[in-house]
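Student: Attaching a single structure in structure tokens format; questions to follow.
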Amino acid sequence: MTDTPADDLKPSFRSDVTVELVKHSAADSDVLWAARVSTAGEQSLDELKKDPERSKGLINYLMRDRHGSPFEHNSMTFFISAPIFVFREFMRHRVGWSYNEESGRYRELEPVFYVPGESRKLVQEGRPGKYVFVEGTQAQQELTGRVMEDSYRQAYEAYQEMLAAGVAREVARAVLPVGLFSSMYATCNARSLMHFLGLRTQHELAKVPSFPQREIEMVGEKMEAEWAKLMPLTYAAFNTNGRVAP
């Protein structure tokens, strides 16, 4: 049986994203004991008690020569709230990632929608594979905001109308746009996160240029900031070696 929809839900609009580190087991020392078991066997356990700063050269060597598996023995879980179109891109990253997302079958979806902020460049110039984004005019910004908000309101009214008529949530949700906010938990390790950051952020130190959509880059930047605090030596080696995942 479908629940009666709440009458007081009014659409709200956001131009930001939420990223929170909710759980972690991640430190530079994790890289060291994982790497040293190759040559030290059981004695690699001694790395658990040592200051990883003394072995930052090893971390840099592993990153530079792309010995990747030692960077997998750690874990970070993030809570993320972002538009559905961001999650469409995010979940293309499958190796080293686990996801659980809010369900539109099991709960009534809240009317929170994405509208680009003033800093979001709106106009694409150039051809596929060679283009840039430039600032939109004031008229384009106003048009984008107005049309998006009107469209979101109409879509959510249709969703509510179907729910009120007894239509199942899993059917009614079909009218909702990809600008609707969803939420999920995403768990990764440092290696899988570095691969994500190499593709989904732009950075002056990157050997291989990437051209991510700005909204997923916003998520990536927040995740990167949290990871940098947990594994500063690994993070420094990542940047020093061109932001290419090992």
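Note: Cβ is positioned from N, Cα and C throughout, glycine not excepted.
Sharing the feature lines straight out of Swiss-Prot:
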ACT_SITE  Arg200  active site, involved in ionization of N3 of dUMP, leading to its activation
BINDING   Ser69, Arg92, His93, Arg94, Glu101, Asn189, Ala190, Arg191, His195  FAD binding site
BINDING   Glu89, Phe90, Met91, Arg92, Glu101, Glu102, Ser103, Gly104, Arg105, Arg173, Arg200  dUMP binding site
DOMAIN    17-241  domain 'ThyX'
MOTIF     92-103  motif 'ThyX motif'
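For the listed features, I'd like the structural context: burial, neighbours, distances.
Tutor: Taking a C-beta cut-off of under 8 angstroms and a sequence separation of 6 or more, Arg200 (active site, involved in ionization of N3 of dUMP, leading to its activation) has the following same-chain neighbours: Glu89, Ser210, Pro212, Ile216, Glu217, Val219, Gly220. In this structure, Arg200 (active site, involved in ionization of N3 of dUMP, leading to its activation) is part of a helix by DSSP.
Annotation for His93 (FAD binding site): same-chain Cβ neighbours under 8 Å, separated by at least 6 residues, are Ser192, His195, Phe196, Leu199.
Classification of Glu89 (dUMP binding site) by DSSP places it within a helix.
Beyond the motif 'ThyX motif' (92-103), the same-chain residues lying 6 or more positions past its ends with a Cβ under 8 Å from any Cβ of the stretch are 72, 109, 182-189, 191-192, 195-196, 199.
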Student: Can you give the mean pLDDT for the domain 'ThyX' (17-241), rounded to a whole number?
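Tutor: A mean pLDDT of 96 is what the model gives the domain 'ThyX' (17-241).
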Student: Give me the Cα-Cα distance between Met91 (dUMP binding site) and Glu101 (FAD binding site), rounded to a whole Å.
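Tutor: Glu101 (FAD binding site) has its Cα 11 Å from the Cα of Met91 (dUMP binding site).
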Student: So, in DSSP terms, is Ser103 (dUMP binding site) helix, strand, or coil?
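Tutor: Its secondary structure by DSSP: coil.
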